[in-house]
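Asks: A single structure is presented below for examination.
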Amino acid sequence: MSEKHPGPLVVEGKLSDAERMKLESNYLRGTIAEDLNDGLTGGFKGDNFLLIRFHGMYQQDDRDIRAERAAQKLEPRHAMLLRCRLPGGVITTTQWQAIDKFAADNTIYGSIRLTNRQTFQFHGILKKNVKPVHQMLHSVGLDALATANDMNRNVLCTSNPYESQLHAEAYEWAKKISEHLLPRTRAYAEIWLDQEKVATTDEEPILGATYLPRKFKTTVVIPPQNDIDLHANDMNFVAIAENGKLVGFNLLVGGGLSIEHGNKKTYARTASEFGYLPLEHTLAVAEAVVTTQRDWGNRTDRKNAKTKYTLERVGVDTFKEEVERRAGIKFEPIRPYEFTGRGDRIGWVKGIDDKWHLTLFIENGRILDYPGRPLKTGLLEIAKIHQGEFRITANQNLIIASVPESQKAKIETLARDHGLMNAVSAQRENSMACVSFPTCPLAMAEAERFLPSFTDKVEAILEKHGIPDEHIVMRVTGCPNGCGRAMLAEIGLVGKAPGRYNLHLGGNRIGSRIPRMYKENITEPDILASLDELIGRWAKEREAGEGFGDFTVRAGIIRPVLDPARDFWE
């Protein structure tokens, strides 16, 4: 990134209303406890509507029936989304059985949704079941604290089934970082777990009384796999190993994908390299990055509040030097690392510990019993007999991890019998969408419900041009907030209106380049016509091993985004 003209360290001006809300919330309590007992509405009112996000929930409604209910003079069918805190995506089979039961008994949709932030979500929790879901999670050692709003969100960690020892070490650091950066308020325990109020003053030594200016995302990544899409995240620890043992991390700061349609002050940005740090400085550096963003992030304009904008305003070097000062270290030069891919290896892989790992492709992460494919039942049956753990991947898939040779055949039989190992194309394996309609209030266009049939059509184009076994990293996101990570795809569709998308092209397979908008506000037939032409050219003109995104840049079809603060919108 270029150093333009470093701006002020702190943005002066009228604070956004979110800052007032946080300050007046009494460390995230608000009047949530009282609101829970209000049976006149299925939702949360006033500030509580936003405060529940700090407790891992979003208030939603079923948009498919919103107009129908309005015509009947009924309020929207309010229900909550709850997102679990699950560092590194590791969940025990006991925990899985508990969440399976809750989804079946206490949610409108009966499904478990794996997310590309390596955790699971429940959709459709009615207000009466909100407290029980938190208590259920607590009973099996889980919680939903800090999985939404202005905190450090769920910490990702590469789901690496090969280097078992290295994964174990990296995963422990993901957990340590997650715990270190958690809020200290007792609001969560008091409201949801009925723990007594303690007569002490709440303090937030890391996050502060008004928490962070905006959401903050952290990863621990083990090269050569970039499955966690580090450039979508504020703070990234890239594992550096010697002789198979973790010795330290390269730190990259300031990635982020969300934009606002037409707002040229917003842009997607890849993360900047700060340097290498030995393991013993990890928590101090993590805290220093977070507190620097806490103090310097823009609290007057939430559209410009993320770390990526702070870096561009103050300058990368200035931010880095402040992190060094706060952490009491000097970064060493970046150590060599390389990424070769970011997809999951579907199927069986043997780890170096002689245990087997079975990665199951779960289209769009939606676990439900479909006609002829009872996925949810199948995973429950596996959970009942499996001695190891499950790992949720950042590609919305699920790994049955650490399977001994003696159990391999039984687990494979269960998986096959329940439609969990059906053959799918490489293209489908490398396609992903956010939830969008009907539950997301921000959705502008379909995503999860659109992608399967759209993928069928892209597969047909690949077949037509003689490359059916090829794949293009393809993502669909229902709005420009970018949960589907379309801004790191080779083909990225960003919802603009019902049935209409902005088409972005020119990302790469390893997720290190932002795609540029190729066509704006177009329909599915227009998108497919463009892809038919370009994929045809790629099939004929590509160099050996050249991915679709790299081809579009080399062929001059797309001008690469090199400095997004300056050229993202050009």
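Here the Cβ of each residue, glycine as well, is placed from N, Cα and C on the backbone.
Taken from Swiss-Prot, the feature [4Fe-4S] cluster binding site covers C434, C440, C479, C483. Positions annotated as siroheme binding site by Swiss-Prot: C483.
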Asks: Taking the mean position of the Cβ atoms of C434, C440, C479, C483 as the [4Fe-4S] cluster site, which residues outside that list, in the same chain, have a Cβ no more than 8 Å away, listed in sequence order?
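Replies: In sequence order, the nearby non-listed residues are V435, S436, L442, A443, A447, T477, G478, N481, G482, G484, G495.
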Asks: Would you count the other C-beta atoms found within 10 angstroms of the C-beta of C434 ([4Fe-4S] cluster binding site) for me?
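Replies: Neighbour count, Cβ to Cβ under the 10 Å cut-off: 27.
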Asks: Provide the number of Cβ atoms within 10 Å of the Cβ of C440 ([4Fe-4S] cluster binding site), excluding the reference atom itself.
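Replies: C440 ([4Fe-4S] cluster binding site) is surrounded by 22 other Cβ atoms within 10 Å.
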